[in-house]
């Protein structure tokens with residue numbers, strides 16, 4: 001009898017553990033699809049990492065059998081609230097939420113057009129506003145880099161997906177990995193089986209936090225330039241923006257926020273069209289002679305980081321490809337999305353620079369006449385504020401899982417109580433992260449420098465260096481000579497650009513930090 005009781009208790013404990021993993025992974029799968037409607041698609045990035053754990057730990061037969069044995073009340077339709085202890089209700093079978101919690105064959109699939117929409121939002125988002133500033137310091141070479149970055153990022157996205165597949169004993173190509181982290185760990189195995197994943201996670205956290213900082217910076221910048229006559233400084237506007245963003249620390253899901261983000265993304269495309277239309281109306285005054293064939297040696301490396309950052313999408317591509325109805329269409333989808341991005345970015349950057357020439361500012365909307373600048377900038381600020389919770393929430397989840405919830409390997413005690421509620425000190429840490437983004441935005445209120453630094457550090461690493469390195473490491477025996485040449489060339493060129501851009505961006509940030517500290 002005692003043996004049977006222990007066995008039953010063990011089964012119940014296992015069921016609760018698996019349900020907890022199911023709820024967490026299902027929530028991120030849902031968040032991934034919703035966040036992908038935003039231009040950064042950061043939810044997919046985190047979903048990509050957690051998807052691997054979900055597939056390893058989840059046993060659907062246990063979930064189904066134990067769920068029926070416990071005889072709980074059926075969940076309400078559309079209820080996607082989650083709890084960390086797994087006591088939250090499971091979605092009804094057949095619903096989109098239920099499908100999102102299943103791995104592999106149970107997941108809802110997306111078409112190539114839907115996948116292309118996700119990629120387009122990732123690489124043609126709000127940070128396109130900084131590209132004309134890159135042309136200011138790079139001239140025609142800056143235009144060439146916009147094209148070159150599109151070609152390279154398209155290629156590295158394809159080879160990154162190729163690293164997910166291997167040939168089995170029957171000679172068939174099968175998917176053996178699920179995420180960027182899986183690929184990184186496979187490259188470092190067997191000596192350091194988790195080192196690669198940790199490197200990718202650190203790069204991801206840095207990019208997510210820097211994205212949050214950029215949203216605060218651009219909000220303060222846009223509001224200050226929209227209402228220059230008000231006695232409110234850019235720092236004060238950043239503080240006001242952060243006060244609005246402080247409730248992000250209490251977020252448990254992003255369903256409502258993501259819907260608003262989709263509307264703001266559509267509004268952003270309209271704003272881009274308005275800017276281009278205004279520039280075309282001044283076509284007679286375009287300063288073609290101002291477009292240089294030479295570069296500003298000190299500031300052009302920063303422009304490289306800006307351009308690279310505007311193309312970052314590799315981190316969520318494995319999840320995206322795995323959720324496509326026909327993965328064979330992935331290459332075609334990558335081609336047309338990057339061709340479209342290259343054309344639109346190049347035209348936007350060139351037309352905007354020709355209109356304002358040497359007066360081009362870090363955020364191009366600041367060059368607009370005061371009559372329409374305020375309206376355009378208010379829309380952009382609303383988009384920035386509604387986009388902030390996505391990278392913030394993903395960064396918080398990565399940090400909590402790595403530092404507080406990684407089983408015996410966690411560095412600190414669990415920040416969630418037994419009832420699944422966030423402890424007070426855990427909430428304090430979330431608020432501290434919001435305040436940290438504010439402090440960075442106050443002391444370094446330079447949109448171009450921060451964007452260049454992020455693009456040079458994590459953007460080049462995740463888009464150029466790591467994909468080419470992983471491709472060579474995992475598939476070098478099957479690669480043709482021109483693939484090897486391309487991978488090595490991308491790694492070398494990407495490394496040089498990354499180091500150069502990082503050094504110059506860091507120097508600019510240090511100088512700006514000292515100037516602000518003196519003031």
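The backbone N, Cα and C atoms fix where each Cβ goes, and this holds for glycine too.
Taken verbatim from TrEMBL:
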{"type": "COMPBIAS", "residues": "8-21", "note": "compositional bias 'Polar residues'"}
{"type": "DOMAIN", "residues": "109-505", "note": "domain 'Amino acid transporter transmembrane'"}
{"type": "REGION", "residues": "1-21", "note": "region 'Disordered'"}
{"type": "REGION", "residues": "66-101", "note": "region 'Disordered'"}
{"type": "TRANSMEM", "residues": "141-165", "note": "transmembrane segment"}
{"type": "TRANSMEM", "residues": "205-224", "note": "transmembrane segment"}
{"type": "TRANSMEM", "residues": "260-280", "note": "transmembrane segment"}
{"type": "TRANSMEM", "residues": "300-320", "note": "transmembrane segment"}
{"type": "TRANSMEM", "residues": "332-354", "note": "transmembrane segment"}
{"type": "TRANSMEM", "residues": "374-399", "note": "transmembrane segment"}
{"type": "TRANSMEM", "residues": "427-444", "note": "transmembrane segment"}
{"type": "TRANSMEM", "residues": "450-472", "note": "transmembrane segment"}
{"type": "TRANSMEM", "residues": "484-503", "note": "transmembrane segment"}
Cβ-Cβ under 8 Å with the transmembrane segment (332-354): same-chain residues at least 6 beyond its ends: 112, 115-116, 119-120, 123-124, 128, 131-132, 134-136, 142-143, 146-147, 150-151, 153-154, 157-158, 272, 275-276, 279-280, 286-288, 290-291, 310-311, 324, 360, 364, 367
Interface present between the transmembrane segment (450-472) and the transmembrane segment (205-224) (three or more C-beta pairs under 8 A): yes
Stretch of maximal Cβ-Cβ contact with the transmembrane segment (450-472) [cut-off: under 8 Å; candidates 141-165, 427-444, 484-503]: 484-503
For the transmembrane segment (427-444), sequence-distant contacts whose Cβ falls under 8 Å of one of its Cβ atoms, 6 or more beyond its ends: 209, 212-213, 216-217, 220, 235, 238-239, 242, 245-246, 248-250, 392, 395-396, 399, 415, 450, 509, 512-513, 516-517
